[in-house]
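Positions annotated as active site, proton donor/acceptor by Swiss-Prot, on the basis of sequence analysis: C73, C184. As annotated by Swiss-Prot, substrate binding site applies to D9, S10, Y41, S42, N74, T75, T185, H186.
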Amino acid sequence: MKPTILLYDSGMGGLTIYDAIRQTLPNAHYLYCFDNAYFPYSERSENVLIEQAVKIVQKIAEKYPLDMVVVACNTASTVVLPALREKFAFPIVGTVPAIKPAAAISQTKTIGLLATKGTVERPYVAELIEKYAKDCIVEKIGTTTLVELVEEKIRTGQVDQERLIEVIAEWQTHPTLDTVILGCTHFPLVKQELQQLLPNVKYFIDPGNGIANRVSALLSESVPEEPEQNKENIAFCTKIDEEFFKREVIMQQWGFKRLELLNFL
């Protein structure tokens, strides 16, 4: 059996998680949903995030027997995991800011959490800091702008350098910051740009590999002897807009056969 893994995010940032999992489990069957009707999640209420999570997983599970769901979004993961685990029997894996490894690796005990406003403000994140980084100074930047810049980079290949500098300017002169947590699945896609703008930061912590290892541990993958039918990797969106065909090309470049509208009617 090829395990079927659904990943979802409000945008295409969750592709960084998909890419890490695919490198570990290249023969799995992948479904990816970006909930562009509600992008960005950082601007949505907790109730809306929970409602959307359940609707998306339920709708896709009706057509595809799922073996696992990966919530490839930090903002959603800080809210929706209990509701999903209560409703569905298959494993649900979340994406939360890598506070613990960052605190362990930082030599100056000064770490930066770069995430969305929603993630930075969640009580769950405060609990992680209290539990794993009590001996650290944790500087936080909550930004929706950077999410938008990454989506733009995915579509055009270009990053607006001036807007990027505006987002992280306060860290450029920080005397002791040596570790930055990429606390949104979009942000590894601008890791190179961040490294250039923050040369004093030694470590950029990306959660992708840790999640891939967790998924791999939960799934026992077996490669079928014969190719299985109806196991194409498919991407879904929740709204058709002027970017639809451009996004379909992008998703095909990431290994998805086609992009479909997820219709809740």
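Positions of Cβ are set from backbone N, Cα and C atoms, glycine also.
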Substrate site, defined by D9, S10, Y41, S42, N74, T75, T185, H186: further same-chain residues with Cβ within 8 Å of the Cβ centre: G11, G13, G14, P40, C73, A76, T116, G118, T119, V147, C184
Max pairwise CA distance, angstrom, over record-listed substrate binders D9, S10, Y41, S42, N74, T75, T185, H186: 13
Nonlocal residues around C73 (active site, proton donor/acceptor), in sequence order (Cβ under 8 Å, 6 or more apart): Y8, D9, S10, G13, G14, Y41, T95, C184, T185
Listed binding-site residues (S10, S42, T75, T185), ranked by Cβ neighbours within 10 Å, top entry: T185
Local Cβ density at Y41 (substrate binding site) - other Cβ atoms counted within 10 Å: 27
Where S10 (substrate binding site) sits in the secondary structure, as DSSP reduces it to three classes: coil
Among C184, H186 [recorded positions], residue with fewest other Cβ within 10 Å: H186
In three-state DSSP terms, the structure that S42 (substrate binding site) belongs to: helix
Helix, strand or coil at N74 (substrate binding site) [DSSP, three-state]: helix
